[in-house]
Each structure stands twice: as structure tokens, then as C-alpha cells.
Amino acid sequence: MQQPLEQAVAETILQRFESFYSRFLEITQGSKSRFENSDWLGVQLAGRERIRLYDHHVGATTALIKQMMGATLPSQALLKQVKGAFSDLLPKCENFEVAESFFNSVYRRIFRHRNIRDENLYIHPFRSRGEHPDLSALLRIYRTDLAHLPQTLSQLLGDYSFTLPYEDKQRDIVDIQRHLAENGPAILHDEPFAIELLKEVFYRNKGAYLVGLIRVKGQVFPFILPLLSTGQSIYVDTVIFEPELASIVFGFARAYFMVYAPMPALFVLFLRQIMPHKPDYEIYNAIGCQKHGKTELYRHYQQHLAQSREQFVIAPGIKGMVMSVFTLPSYDVVFKVIKDEFTPPKDVSHEQVKAKYRLVKQHDRVGRMADTQEFTNFEFPLDRISPELLAELKTVAPSALTLTDDKLVIKHLYTERKMIPLNLYLDKADEQQTRLALEEYGNAIKQLAAANIFPGDMLFKNFGVTRHGRVVFYDYDEICYMTECNFRQIPPPRYPEDEWSAEPWYSVAPNDIFPEEFATFLLQKPQVRDIMMQLHKELFDANYWKMLQSNIKEGVFEDVYPYRRKKRFKFQRGG
């Protein structure tokens, strides 16, 4: 007897999902070996391959389902039956949350992001793990107090085995205990506590992270140990117990962690305890499930929309030449729409802009480039769009809009975490805030450059300040690889009148960049000029940029830490 079509389609989608996630975990599992062997190029390549997996498998699955269904579009009755059959299979799937997202992606790909109905796909989750699922199988739990902490830490570090030995385990134990005793929560001095660590190690860039929490008298504090490698041995670089720093470690501007998580939802539930203010979608993104993070973001957005009454408005700041940006004032996300025509002198195409955003998605963002999600045919309630915003969108991006009686549908947009534009921040900052922001700004450019990214347009308006005070780049239409740039010094004028000429007295090729010119548009205010020349004067020297290029070409991978240098034990010991 032939299997019903809806059953065959549902089983095929689930099988293809499991094939995708099996390969996802296989790539992830190689992280330990890459860390132990200091295979930093392999780290980058594996990260890119893993990001590309999802779309590849969704595309292949879509083609197969279309073949199974035939040339005619399926009826609404059949679509409901397919979802029903898939829902019947979910109890057997341990990673059902991400499986729902995979089903959604296949459905949307088939229907080109139209016919989005709750009865056809998983706008709301079908299953739940409940409020308090048992996480004990994921954890190692150590009960101790400050007096017995050295013995506990010795056991703890020994439980995480690597082919490389610890450089000096006793030194690391002393550093951890000292830092907790001097700077940790005061309650640790008076009460016994438990350290709960996830058994699986989190890998990113050159680091391996033991991630967990301290539980004491009903209170919870993060407990994160970043491990680094010398090539011959490993060492503990610091201990993180501050919720704010834990949030930065899992920040939206960093590369995705590699952690072996067959059931990522359980990891998210655990991590939520140490980052209670970070939404689930950002945690899913951080552990590499960014496509399910997109599903969670959409659900989060729908929930916020239902609980608020305000209107979407044009985002504060200088209007972009390429993007129109808007937001809901109470929501921590901005929406970015590519304009139909770009404001001169911008000379890029729509496809080039999209390619830049794809580049950022697959590149190591080193904590300095905001992650984005890409949406097609995104719907907004028309009565929630302010008149000014609607007029703006009709003016700059009419081809992207579809209006119905009660909806505004935008054909293509990006979402991004909301930040304060750096230029607006500096307008209101006092002297200390200005200095810290400019220090962050220069560090952001240097770290991006060391990661082979040249921002292109370095105006302050293209950078944002996060709630933690970090400066992050978010305007990608002019980025390029450092290795594509030709950094030059401006040649001396041939004659005195050359300096007054409207045209340069030297030839300029498309990829020529003159760092001396950065000062013209960045250092107009005396206070900004003084601070930048104190902290980052090398940014205006072509030789500095050439040195960075040389490092990149020689395969030098810079160290980038998700915490300040003074937090490192090596710095505290005077190393």
C-alpha cells in the first residue's frame, strides 16, 4: 500500500533535517582538535562551512519536496495534513525546536515566503519542554566553599581533558581563588556553594570556554573559565562571574560558538540562568543555531507587538545613503530596508549590498560587527506604521512595499540589534565618556582590520554604542577585505598651488586608500582630535595598515578577547 503523500513529505523533511543537524554536530565536534592543534585557519573554515549548511540542506530538501508534490501547487487541505503529519513525528525528535524551524524554512522556500499561516507552519511552537526540564545530564556539579575551592578546582580542571597539558594548573587555581575571594560575590565568603558546569566545552576563535554558574542560597552567578593555548600547553586566562561580562562573552557581535549540543534548547535554558536579560534568540544565535534564532526572534517580535501600542518610527540618527532604518521605540531591534536608489556618491548595487551582508554573516565578527537576520515578505500592521515612516518608505523604497487594507509587507529587510549611533552618543557624552567611546571606536577598527575587514566608511554614524558601552560597526555596504586594499601615503605636492587645487595632483585607483584623509572627516572637533591622536594616531598612517596587511598575508591570527585586558590573570600578575 502506497504511503499517503503528506506522510511521505513529512518524513522526508524530518530525515533531511536530521541529516543536516548530524553534519552540523560533526563539524562542531572537530573544534576540540582544532583548538589543541592551534589550527586557527581551520577554525575559520569550519565556521563558514557550518553557517552554509542550513541553506544548502533546505535548498536540497525543497527541490525534493517539489518533485514529490508535482507541478501543481498543493491544496490548503494537503498543507495542513503535511504539518499534522510532521507534528506527529516530533515526539520522536530530540531537537524538535530546530526541526520546526527547518520545516518552516522548507515551506517558505517552496511558497517564496507567501501564504504564511499558522495552520501551515510553526509560527508558534508545537511542543514545549516545560518550565523546569531536568538538565542534570548536561552538567558536572561541584559542591564546595572558599576554603576547599583549590581542591575543587583541581578536580574540575582535571575533568576537562585535552591532549595538551595545563601550563601551570596550580598557578591557575591560585589565580581563580584569589580573584573570586577579592572580587567575587560577598556571599561566597559566608556560605557553601555549588559550581554547575556544562560538560561540553564552548569553542570560539582561539579560545575554549568552560561555561557554568555558581549557585548559593538561591542566588545564581555566572562562572566561565576561558582557556587559551600556547601551542604546547593550555592555561586559564581569567574567571568571569559578572552577568554583564557573561552577556558580552555571548554577545551579538561575535562569531558563533561551537559547542556539541544535540538538544540546543536545553543549553539555552541553562544559559538563560546566567543571562536573564538576554533573549532566547540571541542565545540560540550565539551557539550557532542562528536560523532557529531567527524563528525565536520573529516569535519574540510578535509577542512584543501584541503587548505594545506604539507606532514604528524612523530610527534616530543621520539617514543612511543605502538603507532606510526604522524601529519600534520600546523594542531592542531595528529594521533596515535597502533603498531603491542610493544617495550619491554611493556607487553599489542592491546585489552587492546583500553580498556584503552575507560576507559579514560568514566572517569572524570579533565582537565588532553586529549580527543580522534577513527576512523576506515581512508583515507589519499598517495602523502601527507612523505617517512619517510610511511616507519615507514610499519615497525611498517603493518597490520593496506591498500595501493591503491592514498590512504593510516589505519584500526584503534585515533586522539588527538596536544601538545608540556613536555620533549621537558623542554629542551628549562628557569628557570621560567621550574618551572611553573613542578608545572603543579605535579598538573596533583595529580589531576588524586584524580580522581582514576594512570598514570602508569610518564615520561615527556608522558605529553604535551597546548598552555595555562597547562600540560596534553596523553599516556594511562599503566593507571589503583588507587584502583587497592599497594603502598609500599622499605624495608631496609638486607645486605650492597643488594644495589648493580642487583635483588631486596624484592618480587614484579604485582600491587606493589614503589613511591621512581619515583625519579630515573624523577629527573636526578639537577634543576628538586630541583624544584620537593620543590613543589611535597610527590609524592615520598608511604604514600601520600595511603592517596589518602583512600580518594577514603571513597567516597571523590576532588574539581578540571578549573581556578587557585588565581582566586577564596574566595582566594582573604583571605579565
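Positions of Cβ are set from backbone N, Cα and C atoms, glycine also.
Of the residues proposed, Lys294, Lys336, the one Swiss-Prot records at the same ATP site as Ala315, Pro316, Gly317, Ile318, Lys319, Gly320, Met321 is Lys336. Between the binding-site residues Lys319, Lys336, Lys336 has the most other Cβ atoms inside 10 Å of its own Cβ, all protein chains included. Looking at Met321 (ATP binding site) and Asp371 (active site), their Cα atoms lie 20 Å from each other. The Cβ neighbour count for Met321 (ATP binding site), using a 10 Å radius over every protein chain in view, is 16.
Of all Cβ atoms in the shown protein chains, 17 besides its own fall within 10 Å of the Cβ of Gly317 (ATP binding site).
The most densely surrounded of the binding-site residues Ala315, Ile318 is Ala315 (count of other Cβ atoms within 10 A of its Cβ).
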